[in-house]
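J.: Copied straight from Swiss-Prot:
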SIGNAL    1-19  signal peptide
DISULFID  Cys31-Cys51  disulfide bond
DISULFID  Cys37-Cys56  disulfide bond
DISULFID  Cys39-Cys58  disulfide bond
Amino acid sequence: MRTTVAILLVLFALSAILAFYPDTTAEAKGCVKKVDCVCKGKGKKNHRSMCINGKCYCLKG
């Protein structure tokens, strides 16, 4: 039981870390809001994005 809970916690933490990746092509520098980010990954424009501590991150998907 403990092992299962530990494995689930590790998987949850890894998925949370991998959910965001820095967008190196973001045109907004020093973004303040979600709308300031422009994501251009995988040939798509304007996917869901997030601004964390002034850096633009695109959500996978």
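Here the Cβ of each residue, glycine as well, is placed from N, Cα and C on the backbone.
Since this is a predicted model, take the numbers as computed values, not measurements.
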J.: Let me know how many other Cβ atoms fall within 10 Å of the Cβ of Cys56 (disulfide bond).
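T.: Looking across every protein chain shown, the total is 23.
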J.: Quick one, of the disulfide-bonded residues Cys51, Cys58, which Cβ has the fewest other Cβ within 10 Å?
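T.: Output over disulfide-bonded residues Cys51, Cys58: least Cβ neighbours within 10 Å is Cys51.
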J.: Rounded to a whole angstrom, what is the C-alpha distance between Cys58 (disulfide bond) and Cys51 (disulfide bond)?
T.: 9
